[in-house]
Amino acid sequence: MLGTRVTRAVYTRAPLKLQLRALGLHRRYVHNGSKNDEGSSTSTTTNKEENDKKLPDVYPQMLALPISRRPLFPGFYKAVVISEPRVMKAITDMVERQQPYIGAFMLKDSNNDTDIIHDISEVHELGVLAQVTSAFPSKDEKTGKETMTALLYPHKRIKIDQLIPPKDVKIEDIVVEKVVDNEVASEETKDEETVDKTESATDKVSEEITEEIAKAPSTEVTEDPDNYENPTDFLKDYNVTLVNVSNLEDEPFDIKSPIINALTSEILKVFKEISQLNSMFREQIATFSASIQSATTNIFEEPAKLADFAAAVSAGEEEELQEVLESLNIEQRLEKSLLVLKKELMNAELQNKISKDVETKIQKRQKEYYLMEQLKGIKRELGIDDGRDKLVDTYKKRVEKLNLPENVQKTFDEEITKLATLETSMSEFGVIRNYLDWLTSLPWGINSKEQYSIPRARKILDEDHYGMKDVKDRILEFIAVGKLLGKVDGKIICFVGPPGVGKTSIGKSISRALNRQFFRFSVGGMTDVAEIKGHRRTYIGALPGRIIQALKKCQTQNPLILIDEIDKIGHGGIHGDPSAALLEVLDPEQNNSFLDNYLDIPIDLSKVLFVCTANSLDTIPRPLLDRMEVIELTGYVAEDKIKIAEQYLVPSAKKTAGLQNATVSMDEEAINALMKYYCRESGVRNLKKHIEKIYRKAALEVVKKMSIEDTEPLVSTSEEPQLSQTNQNISSSSAEDSTTDLEDSVNPDTAKEASKPNNSQEGASVEETKKAVKTEEEEDTSMIVPEDIKVEITPEDLKKYVGPPIYTTDRLYETTPPGVIMGLAWTNMGGCSLYVESVLEQPLHNCKHANLERTGQLGDVMKESSRLAYSFSKMYLSKKFPENRFFEKAAIHLHCPEGATPKDGPSAGVTMATSFLSLALNKPVDPTVAMTGELTLTGKVLRIGGLREKVVAAKRSGAKTVIFPKDNLNDWEELPENVKEGMEPLAADWYDDIYKRLFSGVKKSEGNNVWKSEFELIDKKKKEND
């Protein structure tokens, strides 16, 4: 063989002669020990000693297998699962070649599940030499991947000297080593066979290796070439991790050492305690004891094996077990094993305690179940079964479908236990049963699916209501925020506006748009706090509050609850203040744990959308008002009312009157005349009543015409016969009294079914009700009106349908005399025109002294405003017209019409001052001018509220010019264009701005001499008297 050998530097472990000898020994060991590959799973000392004799002192390169989670200990079997195909093939080949030896090393990262070691830093350097006793294919249940399960028997501790990772060969990994051995003959061809061609990384490296070999001196081999073959060279073909290792022997120790004996005794003591708690440990200890006794009768002679056994059977931490494996000092190994074993004892004691507790609970439940079954049997035999068990089962089945919070579940368990032990004749039984009925009827954990479609919501809102831009925009904002967040929290919104503008009905539309259930209740006149918070359940007839009833009715935790007439809630009753109880309900920071007196458990109302309605904010308590987001709804102008009447009111009234198939029409001029002469209020409720009245009379007229012409009633040929008008009225009235169901409003088919009469009538059976409805359907079928019968409603026909006009003119005054001014006021009904009249009580020459009389049920604020306006007018007139002595003698009477209506507020200051000046100058003001504003003594015009309502009222009264404070100019700009259309604004900062607009045509001479004749007469009388 050639004297020079080229190989990897990491393969160089010993002189070539020593390596070849070791290989020969290893080959003989495999051959002799192959019969033990299928040995038992329990190690014995005899087998171990026999194997130790067969194991060589020096090993060739072997396969390195990483082990995760816990290391292997010599003498104790362990099964490992291998998923890497290369390693699986290599192990299969090793077993077939009778070379089943590997190095097993624990991974430092337990999460790194691999069968290949790429770097020595990935594993602990100290491991064990293990024998693959058996290997069989398996399958990963999770991934379905083919794997291999190998049973390993560790022999002794080893340490990695060099790691050969499965990488491509690099140039720096190749070296040329010259070995001169006189016992080896030189032969070029034999040396070339020793070169492993599969380890060359590139063609260039192979050429360099060949050139180096050719230059080497030749010697002649004297031994059989087969003896020099490395038995593990075949592993290089699988590209797996190989290692060169060295043996590690335990440090010498004194068997008679008291420390070692004490540690051994303590370990045996712990083993005894664990064996009493864990049967699995007991079996393992017995097996280990048998194996020790077969070799020696004294366990104290084998402390190293005892330490390894203690670590091998313990479920300790990875690092602790690895430290035991790495301890070559027997005393230290025993100490570390004892620590691990002590922890195992603690775990066993804890596990035993848990097991006993669980067993005790199971036995208790089993005993209770057994006794209850016996009790049921006894009751059945005695015939005293009271149905209580069925009731308990019913409640439990209900709860299974709900997602009860922990505190609610605890309360339910307590109450159901009480119910099961009480007699049905006891009064408390009925109380608990009613309580559980309510508790299990609430929608715990049930929410209706949120609707985030803005086009759909806009369509629904526009279908049901005209205008209301602020309300619709707020709801769309609410949906948009919910869409971005992925959830919708509850809100508290308050709609404030005059009656008839659609506050309640818009709540129903919002529930449809949001896909939420709808519940409405009114708090107008409510004086009992129990209506909100519920009664204590100890009272007879106790019930939860309206909020809990709403949740039960809607069966969702996120309904829309409309609290109607919140401004009319009672105060100061003997049963508490309901408005104070609403503070908790309508506070977003508190209603997530609302406590009802009846249920007495926290209820989450944070997902509920509360909508409140009110006509005025003045009567709502301030703390309650602060918790709500106020949206003001103003009255409608004429154009809005026409659109609402044409799109909503007329079709609805026509259908209600049964004229949907008849040729009955009401043109726009008739609607306009109806609003002008009959319905001038802000809302459309009165307009709806008049339109329904008109169509009812039209229906009577149609029937009369058909009777005159002797037209026989024709049965409708439609597939679905319609119910009588009486039944429709009954159905509609009952629907108004009850809460509207959202699903019925969304689904037309369901709504159609809901409009049918209720089959469960009071005092009649179901069969009788069905017969009665069937009879009514047969008798009262709808009629088809002939096409030649037509009714057209014109403005001239309104008197015939709804009587004489209530309002004959647009304004109270078509032409205003001096001292009469159109003011504007805000009321709970919306805006209205409020005239201010001032006249002289008698001619100036007959007045003894100047004074001011006020009538019209004026409040204190308006009285002060009139006094202020009177003083300001005297001052202003003296500055403008010094010779006008009107206020020296004038006895003025100021009146505001409709004296039965109380009036108050500061915004009539400019109107009163203008009335006084108009009277003083004897100059009438344009009757199409309306004004509002608070006045100071110096003539400053201050800001007022309710400008939108006042402008609407001014337009409704036929005003063309509106005078308002300059500070309200932004409010004017925010008004809709249809409201501002045809109106001329005048934003006054000082009263001079108003005077220039109204009295600009009054010359100085005219103003000074307007009362000249009267004062000449007064002066003449005065001289005569003197």
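Glycine too: its Cβ is placed from the backbone N, Cα and C atoms.
Taken straight from Swiss-Prot:
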TRANSIT   1-29  transit peptide
REGION    29-55  region 'Disordered'
DOMAIN    62-345  domain 'Lon N-terminal'
REGION    185-206  region 'Disordered'
COMPBIAS  185-194  compositional bias 'Acidic residues'
COMPBIAS  195-206  compositional bias 'Basic and acidic residues'
BINDING   G497, P498, P499, G500, V501, G502, K503, T504  ATP binding site
REGION    711-785  region 'Disordered'
COMPBIAS  714-737  compositional bias 'Polar residues'
DOMAIN    815-1001  domain 'Lon proteolytic'
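Structural mapping of features recorded in Swiss-Prot.
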{"residue": "G497", "record": "ATP binding site", "contacts (Cβ under 8 Å, 6+ apart)": "K503, N615, E632, L633, T634, G635, S682, G830"}
{"residue": "G500", "record": "ATP binding site", "contacts (Cβ under 8 Å, 6+ apart)": "E681, S682, G683, V684, R685, N686, L687, K688"}
{"residue": "V501", "record": "ATP binding site", "contacts (Cβ under 8 Å, 6+ apart)": "L633, T634, G635, Y636, S682, G683, V684, G830"}
{"residue": "G502", "record": "ATP binding site", "contacts (Cβ under 8 Å, 6+ apart)": "H465, M468, L633, G683, V684"}
{"residue": "T504", "record": "ATP binding site", "contacts (Cβ under 8 Å, 6+ apart)": "R520, L562, D564, T613"}
Near the Cβ of P498 (ATP binding site), how many other Cβ atoms are there if near means within 10 Å?
25
Could you name the residues, excluding G497, P498, P499, G500, V501, G502, K503, T504, of the same chain that surround the ATP site, i.e. Cβ within 8 Å of the Cβ centre of those residues, in sequence order?
F495, T613, N615, L633, G683, R685
Go through P499, K503, our binding-site residues, and report the one whose Cβ sees the most other Cβ atoms within 10 Å.
K503
